[in-house]
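Features as listed in TrEMBL:
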type	residues	note
REPEAT	A:10-48	repeat 'HEAT'
REPEAT	A:87-125	repeat 'HEAT'
REPEAT	A:164-202	repeat 'HEAT'
REPEAT	A:203-241	repeat 'HEAT'
REPEAT	A:242-280	repeat 'HEAT'
REPEAT	A:281-319	repeat 'HEAT'
REPEAT	A:320-358	repeat 'HEAT'
REPEAT	A:359-397	repeat 'HEAT'
REPEAT	A:398-436	repeat 'HEAT'
REPEAT	A:476-514	repeat 'HEAT'
REPEAT	A:515-553	repeat 'HEAT'
REPEAT	A:554-587	repeat 'HEAT'
Amino acid sequence: MATIDEPLYPIAVLIDELKNEDIQLRLNSIRRLSTIARALGEERTRKELIPFLSENNDDDDEVLLAMAEELGVFIPYVGGVEHANVLLPPLETLCTVEETCVRDKAVESLSRIGAQMREQDLVEYFIPLVKRLAAGEWFTARVSSCGLFHIAYPSASETFKTELRAIYSQLCQDDMPMVRRSAATNLGKFAATVEPAYLKTEIMSIFEDLTQDDQDSVRLLAVEGCAALGKLLEPQDCVAHILPVIVNFSQDKSWRVRYMVANQLYELCEAVGPESTRADLVPAYVRLLCDNEAEVRIAAAGKVTKFCRILNPELAIQRILPCVKELSTDSSQHVRSALASVIMGMAPVLGKDATIEQLLPIFLSLLKDEFPDVRLNIISKLDQVNQVIGIDLLSQSLLPAIVELAEDRHWRVRLAIIEYIPLLASQLGVGFFDDKLGALCMQWLNDKVYSIRDAAANNVKRLAEEFGPDWAMQHIVPQVLDMINNPHYLYRMTILHAISLLAPVMGSEITCSTLLPVVVSASKDRVPNIKFNVAKVLQSLIPIVDQSVVEKTIRPCLVELSEDPDVDVRFFATQALQSSDQVMMST
Amino acid sequence: MNGGDEVAAAPVGPPQPLEWKFSQVFGERTAGEEVQEVDIISAIEFDKTGDHLATGDRGGRVVLFERTDTKDHGGYRRDLERMDCPISRHPEFRYKTEFQSHEPEFDYLKSLEIEEKINKIRWCQTANGALFLLSTNDKTIKFWKVQEKKVKKISDMNVDPSKAVGNGSVASSSNSNSTKSYLANGGWPEKSYGYPSNDFTFPPGGIPSLHLPVVTSNETSLVARCRRVYAHAHDYHINSISNNSDGETFISADDLRINLWNLEISNQSFNIVDVKPTNMEDLTEVITSAEFHPNHCNMLAYSSSRGSIRLIDLRQSALCDSHAKLFEEQEAPGSRSFFTEIIASISDIKFAKDGRHILSRDYMTLKLWDINMDSGPVATFQVQEYLRPKLCDLYENDSIFDKFECCLSGDGLRVATGSYSNLFRVFGCALGSAEATTLEASKNPMRRQVQTPSRPSRSLSSITRVVRRGTESPGVDANGNSFDFTTKLLHLAWHPTENSIACAAANSLYMYYA
């Protein structure tokens, strides 16, 4: 046992703890691997630390994950890129473990290192590594190998390139669906590095095999490949090779594959270009919008605005809009909800006339939907329609919808609509708000659910910000202050909270003249909870009001509270007094 | 149709009946020994290769066995097979390891005790020499990894561990202080030391006095680690779990619902079948068993308490409440009794390896179904027809609700299922086979073997290959053996590649080969 000098003691402990029994300590040491490497120096890091890590790789997943991550940025500690290859062996073993997240991280780190390695090192070390993994006995190694081809391929010689392509093609036909899935996922990345001549022949034939795989789970990953490959191919090749696949997929037996198509179709349109989109993809999309599986319709409905944006308005009105009408009365509430969350965005696409004529009836029917989420989704995107047709046409239907949501028996629905009130207020204007919504905002302050009262207090503040102190003084403050006389102390507490939020917005003058007296009188409340909340509110008012007011009103009140029989009241009052002392000293 | 035609149709002829021999027993009871409830085996499962066998018991333990007869020759098994080795080897297993999979729990919300009993075990894909399996009790599924771990010895530390533990008493005065504060700090010395991470510069060659600990390992030990827990997804008791051929998903079925999981995601599952009626008073049937198709990842079958099997296609819809195919047998008119519905309940279904046939077990019979023929079973085997007059007694003592499992041989030529008095029966299901053997789970399995295989009683519908056979010989009773309803053989499994059966008689695991 060597004697360790005092300054080195912590680093010595850190090294020892690489093998501690406590996983937390091992994790700590691995996270500081760069420190250990610096302490050992570059040469001993290469010769001792890295082999040590390669040998001790049967640790817990958490430790392995951390190791895989650290090694990805380890090039500086082993002596720069010319020594980067020493990092490959430990990562190679990490690529074979059975925990997916460790493998993924190891592949990510290998890719990062490979991207920096010198070309001759890639040939000498990296390509053989990829080949070893691809020929691995366990599927885990083969799964990992798929994510490394795009790094290895560009620097390989012609013979190696041919071999790598052949290996990849084999991986796409592996017995294990997991390997085929990984090959399908990574095909786009690999294809991007392959020369155009081989892209059109070999890669496309690999791709076609994947699109006909027995396993749904492989086919649906191939859908993602469509967009990636489409972007690599010349437009005419894309139309010739990718388009038929997409059209086929959109009629796949498996709803999960169709669901993927519905989700991806927008990207695919970009790949095939506008003409083919009109001719071939619009019919496919229309089919998906009318799919008999609700999940597919949900995905398709959620993309309707994005899709319409790449079409011309006539086509959208002619082909897509009829489906949208159908969807707005779909039997599945989730489909209607997905539609409601995007349909408002169609207004700018279709223009004013078409919106009034075609979309408005749909908006109105969705606003009357029996399912609150649908209504909420419409309301949340109100601003988009406002820009196109103004709010007047909607406001008639809007109010009943808002009132109904405001009184929904589920507090989460009420909470959601409160969140939108400031948005509504800004869109609808002061006039509309005064008439219809003001009362609702006050009603929420008296809600039975704390979260609603809390949100309502916040809402009052945001309204004051939106319409200004003068308006608030007239329309909000008196009503709020009235409620301080509520017989239940929990509701009185909400009002105190609202006051503390309003004060900064209203400014010093109004706070002193209107809000402060209410707070002070509340300090005489019989419930201790109110009293110590008064102390807290007073503390928050100190920076807002004038120093003289603090001296004359706030401090006497706090002093009185600091002699309260209740221990909590005394605590918060003393705390507030201390903070007022600090403010005094600093001025 | 006569016998001659049959031979012409199948020139090879039906396979000869197998002669079963005793192979091994684990946990054999000595005479008069009382069986502990927790030791009773509640699940048996071979892995895909047949090199491993797992059993679960009522005490929540999982015991693993490994095959020894091939292991001796290491990787030469294939060579041996090629040589067509005349030595007739039969699978032999040895105890490998065991672990506590489930513990008894208490659901405080519902005031329910959750038993630790293992209801089902399923093996998953092996990787890196580690074994993976799923085990479930009534509510919670767990994913286990069993792996050889090296037993490590760490030596040559930078800081003498004995000194550190000794809290500075034997340490030299120069570092006794450090030792103390290191310990006081709970092992993370950063704060107390002004950790030399950023401001501290290391000399370019590193610090020679520091070195890495030396790890030596000579022996290994088997460690079972619970990797994932799939909980809180079932309101009723889980009766089955089944892996998908895609290698990434599995299903779990309870009385009213089937959920689909991703093996890697334990905090969410998708409900794919829900037979719960809005009003529980309208409940007419429950799910009794569910299994994925062995190679079509989109197909699964589930059985019900009304004797039907439904095949569903996951591709059709996200919620598969409507089935793709329904298999049930039309009951013969006029034969209804109070017990008709109870004994029709299917207790277990299994896909044959080819994926074309489904074997089902109800109280009285085994039925083999062809998934391309939904008009009725292709074969029905009477397992314990002699009990029909005693149904009333069986109902009284609840035995009528016993859930017997069934299994198929790897080649699909034979089927087996358990019965009372620790008996199990093996039937040949190949065309023309009349094999029907009764065996006892004891060291002398043929002890009770009395009847000669009877010719199948053929009906006119024999063109559709419908056979009914295995007519119970009353001789068993006449033999003087009174049937014992307390010793029932519920769980058994057929080796995936060879003619070998593992079955559970209470706490003992018996293995037979032919």
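Cβ coordinates come from backbone N, Cα and C, glycine included.
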Residue numbers, six or more beyond the limits of the repeat 'HEAT' (A:515-553), whose CB comes under 8 Å of its CB atoms: 477, 481, 484, 489, 492-493, 496-497, 499-500, 502-504, 506-508, 560-561, 564, 566, 568-569, 571-573, 575-576, 579-580, 583-584, 587
DSSP-assigned states of the repeat 'HEAT' (A:515-553) in counts, ordered helix, strand, coil: 29 helix, 0 strand, 10 coil
Secondary structure composition of the repeat 'HEAT' (A:320-358) [DSSP: H/G/I, E/B, coil]: 31 helix, 0 strand, 8 coil
PLDDT averaged over every residue in the repeat 'HEAT' (A:281-319): 90
Residues from the same chain, set at least six apart from the ends of the repeat 'HEAT' (A:10-48), whose C-beta lies under 8 A from its own: 4, 56, 59-60, 62-63, 66-67, 70-71, 73-74, 77-79, 83, 86
